[in-house]
Amino acid sequence: MTDSTYDVPRVRTYLQGLQARIADALGALDGTPLATDAWQRGPEERLRGGGCTRILEGGRVFERAGIGFSDVAGDALPPSASAARPQLAGRGFEALGVSLVLHPRNPYCPTVHMNVRMLIATKPGEAPIFWFGGGMDLTPVYPFEDDARHFHQVCKDALDPFGAELYPRFKTWCDEYFFLKHRNETRGIGGIFFDDFSEPGFERSFEMMQSVGDAFLNAYLPIVERRAALPYGERERDFQAYRRGRYVEFNLVFDRGTLFGLQSGGRTESILMSMPPVANWRYNWQPEPGSPEARLSEFLVPRDWV
C-alpha cells in the first residue's frame, strides 16, 4: 500500500464493463432484463459521486439479483476501513467497485456474492495510498460437493497466474472472514477473499482483480444451470428462508462492506440490495438428524475443495 502510481479511469472503465457483462448474462439466463437505476450524490452531501444499480426482483431463476457499481469519495475513511490501519484514519478517500449478491428462487441453487474494488486514501502533502480488495463466496442451502469443487477450482485458476500462494491464502482468509461467530459456523462453503492488496504494484494488482472479476460467470453460472430445474416443494422453500436468516445476520452484524457503506453515508437502497427477499427465524430449531437439511452442517466448516 505504498506505491502511489495508479490509474482510476482504467479501473472505472473495467468495473462498469464487468457490471454490464454480468447483468447481460443474468438477464439472458433468467429471461428478464435487469432494471437500471443510476444515481448521483450532490456535492454538499457527506459522500460524493455516484453509481448504477442493476436489479432484478421476482424473476424466473432469481428471486433477487443485484449488481451495484459505485464510485464515491469522502473526506474521512469510515472506521470499518481504517480499523486495521489506524495510520489512515481521517484521510480522504475514493472507493470504486462492483458488488453483487444473487438469491435464486430454487433452494437447490446457492446464493452467491462477488465483489471487486479499489480504494485510494489521500492526505494533503502526502502521496496517495491505494489498494485492491474483493473475492467471491458461495452459500448453498442444499449443498453439492461437485458445485463446491467447481467453484473453488475456478477461483484457484483465476489466482494461480499471480502466484501459487494466493489461492490458499485468500481461501483461508475467506473461511475466516465469512464466519458467524455467534453461530460457530461459516456462512457457506467459502471461496476467496482479499483486501489491502497492492504488493506487486498497480498493474499486476489490477490484473489480479480483473482475473477474479472475469472468473465470476464461469464459477457460478454452470452451477445454476445444473440446479435451477430441480424439483422442490414447501419444505425446501421453508429451509431456504431459514438459512437466509443467517445471511442477514452476517451482513448486518459482521460485513465490512455493509458497515463501510452505512458509516460513510452511502446509498442505503444499494447497500441493502444484498438482503434476501424472504427470510425467517425459528426459536431453537434443529433439523431432523439424517435429513437433507441436517447434511448442510457438514459443509459449514472449512474444507479443502481442490
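Even glycines carry a Cβ here, placed using N, Cα and C.
Under 8 Å, Cβ to Cβ, and six or more positions away along its own chain, His113 (active site, proton donor) finds Ser99, Leu100, Val101, Met136, Asp137, Thr139, Ser274. Annotation comment: Swiss-Prot describes His113 as active site, proton donor, evidence class sequence analysis.
Sequence-distant neighbours of Val116 (substrate binding site): residues of the same chain at least 6 apart with a C-beta under 8 Å from its C-beta are Leu15, Leu18, Gly97, Val98, Phe132, Gly133, Gly134, Met209, Gln210, Val212, Gly213. Reduced to three states, the DSSP call for Val116 (substrate binding site) is strand. Marked as substrate binding site by Swiss-Prot on the basis of sequence analysis: Ser99, Asn115, Val116, Arg117, Gly265, Gly266, Arg267.
Under DSSP, His103 (divalent metal cation binding site) is assigned to a strand (E or B) in the three-state scheme. If you look up Swiss-Prot, you'll see His103, His113, His152, His182 marked as divalent metal cation binding site.
Residues or ranges marked as region 'Important for dimerization' by Swiss-Prot: 247-282. Long-range neighbours of the region 'Important for dimerization' (247-282) within the same chain, counting only residues 6 or more positions beyond its ends whose Cβ lies under 8 Å from a Cβ of the stretch, are 39, 41, 45-47, 51, 53, 55, 57, 63-64, 66, 68, 70, 72, 74, 78-81, 95, 99, 101, 103, 111, 113, 115, 139, 178, 180-183, 187, 238, 241.
Here Swiss-Prot flags His182 as site 'Important for dimerization', drawing on sequence analysis. The Cβ neighbour count for His182 (divalent metal cation binding site), using a 10 Å radius and every protein chain shown, is 9.
Pairwise Cα distances among Ser99, Asn115, Val116, Arg117, Gly265, Gly266, Arg267, the recorded substrate-binding residues, top out at 20 Å. In sequence order, Ala95, Leu96, Gly97, Val98, Ser99, Phe132, Gly133, Gly134 make up the list of same-chain residues 6 or more apart from Arg117 (substrate binding site) whose Cβ falls under 8 Å from its Cβ. In sequence order, Lys171, Ile189, Gly190, Gly191, Trp305, Val306 are the residues of the chain that are 6 or more apart from His152 (divalent metal cation binding site) and have a CB within less than 8 Å of its CB.
Listed in sequence order, Leu47, Ser70, Val72, Phe260 are the same-chain residues at least 6 apart in sequence whose CB falls under 8 Å from the CB of Gly266 (substrate binding site).
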